[in-house]
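Peer 1: Residues annotated as ATP binding site in TrEMBL: E349, F367, K390, R424, T504, G505, D506, R615, K621, N644, D645. For D641, D645, the entry in TrEMBL reads Mg(2+) binding site. As annotated by TrEMBL, compositional bias 'Polar residues' applies to 20-33. According to TrEMBL, the feature domain 'P-type ATPase N-terminal' maps to 51-115. According to TrEMBL, the feature domain 'P-type ATPase C-terminal' maps to 667-917. Under the heading region 'Disordered', TrEMBL lists 12-33. Feature annotation from TrEMBL assigns transmembrane segment to 310-332, 731-751, 778-799, 819-836, 848-867, 879-903.
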Amino acid sequence: MKGGLDRVRLSTARLGGESGSPSTAGVLRQTSSQTVRLGRVQPQAPTHRTIYCNDREANLPVRFKGNSISTTKYNILTFLPKGLFEQFRRVANLYFLMISVLSTTPISPVSPITNVLPLSLVLLVSLVKEAFEDWKRFQNDTSINSTPIDVLQGQRWESIPWKKLQVGDLVRVKQDGFFPADLVFLASTNPDGVCYIETANLDGETNLKIRKALERTWDYLAPEKAAEFKGEIQCEQPNNSLYTFTGNLIMEKQTLPLSPNQLLLRGCSLRNTEYIVGAVIFTGHETKVMMNSMNVPSKRSTLERKLDKLILALFGCLFSMCLIGAIGRSIFLVRRTPTTVMIRESHVEKMGKIQEVAYEILNVLEFNSTRKRQSVVCRYPNGRLVLYCKGADTVIYERLGDGNHDMKRLTREHLEQFGSAGLRTLCLAYRELNTELYEKWNEKFIQAKSSLRDREKKLDEVAELIEKDLVLIGCTAIEDKLQEGVPACIETLSRAGIKIWVLTGDKIETAINIAYACNLINNDMKQFIISSETNAIREAEDRGDTVEIARVIRHSVKQDLNRCLEEAQQYLRTISGTKLALIIDGKCLMYALDPNLRANLLNLSLNCSSVVCCRVSPLQKAQVTSLVKKGARKITLSIGDGANDVSMIQAAHVGVGISGLEGMQAVMASDFAIAQFRFLTDLLLVHGRWSYLRLCKVITYFFYKNLTFTLTQFWFTFQTGFSGQRFYDDWFQSLYNVIFTALPVIIVGLFDKDVSASLSKKYPELYREGIRNMFFKWRVVAVWAFFSVYQSLIFYYFTTAASQAGHNSSGKIFGLWDVSTMAFTCVVVTVNLRLLMACNSVTRWHHLSIWGSILAWFVFIFIYSGIMTPYDRQENLFFVIYVLMSTFYFYLALLLIPVAALLGDFLYQGFQRWFYPYDYEIVQEIHKNDPEDSSRIELLEVANHLTPDEARSYAISQLPREKSKHTGFAFDSPGYESFFASQQGVFAPQKAWDVARRASMRSQQRKPRT
């Protein structure tokens, strides 16, 4: 216990500052004891935390969070209020809640139960669904929290559940096991203190990564030795950055810096290592993976927002009806004598393992998106010190020393050639270091690396001190091959009216070449290029004055934008129809996004058919996306496959992630995920367009059928002197949307298609109708509203007029409930048949749902009219349907009224289709004689008649492959590919490694046999 108190004393003295030299630590220990004697536990510093390894008592006063996690959305106390809040965020539910509340007032003509019951049923089903999903999350959490893990207790490994793990515990993780919390890697059974981990749960990458423990902790492997470990860890507070970590390990009066290379994250698994020992630093919801599990930004579609407006418009319409009724009622009462009126109620360290080949790596200056370069300091066996640096050409050229102009010029020419060939390039450079310079710099580097505050910033500043006066070695170039089908996909999307922008980190020549390969740019286009590679900007950069460089680039960008915008407007005024393309690099884009210039950039970009932004950072990708989204108010879609695309994907209206070689972070942040870029054609032109058409039809139909039903009751108020007498029975209006007209619209929303998938891709211009929002304009809503008024007048006045001369078998005239039941029958039949008229494709499911809904009404009314209880308020409905069906009036009205009601729709649809057809209607007419299974036939033809390139790619994909047995990695052995290909008569393109392998085999064959 005394050791624990000593640790508490030490922690209170070190709060708010960084660990210093051993002498400083001694002073801290002397002054800290006085703090503890006051009996007061000091809080943790806001910038970092102090952890005592293998000592729970010392960590107890800090009250670190436990390791139990909960991913549930609700708990027992918050389920009901939070669940109801989520439901009533929807305008539709809020509207029906208000109607239900109004129905409880004394002035309501309907019974509250008829409104409350359907709303309660909808809410109950939604809440049960939410509860079930949350219960599954709870079960998953329980399973994870109960997973066993070995924890050091005394000198033995004891198995405890994950949820009982505490900060500072030493744990043993065995091969193929998952890390239960964020750990500092201490020791491994592998030599040199390394282990191999799989991070698939974090970024989707299956390639194993190497982590290496500090050499001072390699010995703490056995439980007896690990029990002696009493180190102190000072590290950053919990955060969501998966690839950064700042901390120090203080043991035996020495401060050892910790980096991400010693961090093992929760959710990763151990591979190819018998077991490792680590110290827990972050637990539960403070682990990095849990701090990354945030709520996805709420994205509401245009249709959903317009639906809210439509519901509000419907509410305004109903309010107007009520207002007219109230005014009419007041006038009617004034004209009558006073009387009594009774109102009746009724939701990546990328370096890997560095192998030593005749030199020693002293320092590694890591790559990041800001630096755009990586450097290492090496010591050769003869004592020579050299810094090697690789990075983007723009970054390396800024740091080259004077002289060697021929080499710079030649390399720049090579870069342009490689870029024009579509290759990705890097520049290499070096600098000779003397021992004195290196020692002074290394002291600053160690201080920056040990810093707990702004470590990354300090490391970048220290790197700037040595990454200068470089000597250019040359450049490298590798091929970055496009996925299959990308050019055809982009061409198809362009024909669909979709403007495609490329936001890439490639140099401008590479980006232009890729744009040509993708059919995004062609020689017939007028290209506007805004680049920082101009003589004026280069001269300013050579002078090295940052203020002057910024002024020159800003002035150049402003002039280029104005010039290009004027030229673009001139081209648009001509009748030549020349398409425009804009290419801009990252440096110029940074100034073009300035508030004073972004308007010109946006105007120019919108006038261009294609836009290519090269050398852009992840932040700039998101800024450009937001510029179009908010500035132009256009619907945007971002698609990417790497971690650097995440911000862009989240900034767009729709984010699409490609599950590619760069991990799964883009997929995890996206709204939709696809395997290849070419599948974007099906996602947008087929499923996206179908979904848009279905939603438009469902929403407008809901508006139509409810307005029709409501207006029929509204006309009745004029005949009753605005007395509030209801026309329909309460249960009629309660079940109207729930049973009698519900299933058909669901079937239409699931299965309706105007044209087949193959025709949707054959005629991509059909997508333009969705861009113009042709099917959900207010004009479309007005047409549906007009026919609602027309049909409601037919329903009410035809039934009432015909009933005036009618009588039942006993000679009595028809009463209110006879007429209203007849009118409601006509409404149910007509609105269901109207939906059938709106369908583009009619299947057996459409017939089953429509005729089944009509049948459901008759089954209900037969049962409802045949039952009467003492508590029944609607005794007048007793036996009504039986009386009606015994008269000729019923059958005549049931035949003529729906025909008369639908006659206007029939004539309008025929006139519109004949004289003002939609594009999809034209395609329907062109292919109306095609066989019904043409789409299947086309798919079979595509599968059986592949192009030569597709056939070769498919054959190569079926070849056997072998995996390397290299420890910790799963490298493919591509050399075998061409061997098996040649055996099976399939041509496989030569690769560099094939040439090298064959050369080595030939050299072996030429050796004389002994």
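Backbone N, Cα and C define each Cβ position, glycine as well.
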Peer 1: Between the Cα atoms of D506 (ATP binding site) and D641 (Mg(2+) binding site), what distance do you get, rounded to the nearest Å?
Peer 2: 15
Peer 1: In the domain 'P-type ATPase N-terminal' (51-115), how many residues does DSSP call helix, how many strand, and how many coil?
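Peer 2: Secondary-structure composition of the domain 'P-type ATPase N-terminal' (51-115): 32 helix, 2 strand, 31 coil.
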Peer 1: Please report, as numbers and ranges, the same-chain residues at least 6 past the borders of the transmembrane segment (731-751) whose CB is under 8 Å from any CB of it.
Peer 2: 110, 114-115, 117-118, 121, 694-695, 697-698, 701-702, 705-706, 709, 820, 824, 828, 831-832, 835-836, 838-839, 841, 843, 845-846, 849-850, 852-854, 856-857, 860, 864
Peer 1: Note the mean pLDDT of the domain 'P-type ATPase C-terminal' (667-917), expressed as a whole number.
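Peer 2: So the average pLDDT across the domain 'P-type ATPase C-terminal' (667-917) works out to 87.
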Peer 1: Do any residues, 6 or more residues outside the transmembrane segment (879-903), come within under 8 Å Cβ-to-Cβ of it, and if so which ones?
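Peer 2: Non-local partners: 790-791, 794-795, 798-799, 802-803, 806-809, 814, 817-818, 821-822, 825-826, 829-830, 833-834, 837, 858, 861-862, 865-866.
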Peer 1: Can you give me the Cα-Cα distance between T504 (ATP binding site) and D641 (Mg(2+) binding site) in Å, rounded to a whole number?
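Peer 2: Each residue's Cα considered, T504 (ATP binding site) and D641 (Mg(2+) binding site) end up 12 Å apart.
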Peer 1: Including all protein chains shown, what's the count of other C-beta atoms within 10 A of the C-beta of D645 (ATP binding site)?
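Peer 2: Total other Cβ atoms inside 10 Å, all chains included: 25.
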Peer 1: Work through the binding-site residues one by one (K390, K621) and point out the residue whose CB has the fewest other CB atoms within 10 angstroms.
Peer 2: K390
Peer 1: How many whole Å apart are the CA atoms of K621 (ATP binding site) and D641 (Mg(2+) binding site)?
Peer 2: 13
Peer 1: Within 10 angstroms of the C-beta of D641 (Mg(2+) binding site), what count of other C-beta atoms is obtained when all protein chains are considered?
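Peer 2: Other Cβ atoms within 10 Å of D641 (Mg(2+) binding site): 22.
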Peer 1: Could you round the CA separation between D641 (Mg(2+) binding site) and K390 (ATP binding site) to a whole angstrom and send it over?
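Peer 2: Rounded to a whole number, the Cα-Cα distance is 24 Å.
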